[in-house]
Ligand code: RVP
């Protein structure tokens, strides 16, 4: 007879944390959100830790190189989407690794022949007011001048005027060699009261621009995820088909961690993929696996050698797997059961395998719940898709700005590899994801800052200064449907008259 789980399958919304004793030490500024990304032996340190417990989903609408840089700046990590060619994915990884914080490859470049009209149009499009002028109009052409807002006055000049006639010419610019350090560049900027400094390579070509404002922001990012060469860290998604080609290309590009991207991870295909990686790279290449929703699935992937394990089937905001196929499990129940299995595995083997709760995070407090239930970090799609830094289009819908967000199992992404059963001939013919809009929410930095301030505040209420302490001390209670109503604003007439729905972000 079939196995029946007696417990109902619950979601995050069905739980609350019951506060514990908080001492005067339990203040948000004392909380550390550092958390392991990869497995480690008792008493040892993980090879990679995240500085904040957030990674961005392996999705076309979420994780490209721009998102990866923005999230690494805040202390998390992106996993670049694998539903693209191997060359394109490797190029994204390589761009993240080549990115030097504070050293900007200009995306707004002019030629001396361009007109003031074109300058104004480019400034509007990119939002950048400082534009290098190069002989060929590329980011690495020969520098011939710079145009800033101070070089032109729209009220006094014709839009036909040529850049060559109003730019600040190279002879009047202060420049520095390409191997100048950020500290040295900043000193030159300060000593000469500059707003920007072009760095020139040995062929007399423009290498980077350094901006005064970027140096300041670089200094105010204490959580940056940097490798031993001070490059941003980045992950990448792989599949169980072309790993023999994809993995070497991503490793060559400098990837820090891989993750097998699949809606169903309890499969021989994942074990074969992990084995291939271990056979070829030993433990030097880190790789997460998933997704699973119960203890059996966890144990299978742990024994197969995964460095971390992802939890979640069917809970993603754009996911219709449960409707289409009838498989899945409430995200809270899945997380709790898998975390118990992980703790038992740790007791038995002395190896701690970090867990990632993936999908279904709607409120900021769901992150805290996922951590309290035993996750070490969470993977978010919808959350990050809403920000400036996501690769998807920002569009106006019914008078509000939205960002497009589509599932990897939607017809739009056509990443059937995530949704097939592995092997070559078992492709699925139906969709498991939808194409949607999510409300545009501004910059990643502002939103992540606010979200984590809530997480830290709740951790203090639970008497915890670290995620491990939260997992240990948290007291969770299942809520009734009437108490959910009690939890929001109720029985009052709200002044702004907008009916209270939820404060989901
Ligand atoms: P969410 O954060 O709720 O938007 O969920 C994101 C997660 O949903 C992804 O990390 C992935 O596990 C899952 N996903 C991605 N595409 C699809 C689909 O098309 N069904 N599901």
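Cβ coordinates are placed from backbone N, Cα and C, and glycine is handled just like the others.
If you check TrEMBL, you get these features:
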- 261, 262, 263, 312, 313, 314: NAD(+) binding site (BINDING)
- 314, 316, 319: K(+) binding site (BINDING)
- 103-166: domain 'CBS' (DOMAIN)
- 167-225: domain 'CBS' (DOMAIN)
- Note on the structure: Close to ligand 1, in the sense of Cβ under 6 Å, among 261, 262, 313, 314, 316 as binding-site residues, are 316
- Give the distance between the Cα atoms of residue 312 (NAD(+) binding site) and residue 319 (K(+) binding site), rounded to the nearest whole Å. 11
- Take the C-alpha atoms of residue 263 (NAD(+) binding site) and residue 319 (K(+) binding site) and report the distance between them in angstrom, rounded. 10
- Protein Cβ atoms within 10 Å of residue 313 (NAD(+) binding site), excluding its own: 28
- Note on the structure: Cα-Cα, residue 316 (K(+) binding site) versus residue 262 (NAD(+) binding site), nearest Å, comes out at 13
- Message: For the binding-site residues listed here (261, 263, 312), tell me which residue's CB has the most neighbouring CB atoms inside 10 Å.
- Response: 312
- Message: If I take every residue in the domain 'CBS' (103-166) and average their pLDDT values, what number comes out?
- Response: 92
- Task: Starting from residue 319 (K(+) binding site), work out which of the binding-site residues listed here (261, 262, 313) have their Cα within 10 Å, and give them in sequence order.
- Result: 313
- Assigned conformation of residue 316 (K(+) binding site) - DSSP reduced to three states: coil
- Give the residue counts of the domain 'CBS' (167-225) per reduced DSSP state, in the order helix, strand, coil. 21 helix, 16 strand, 22 coil
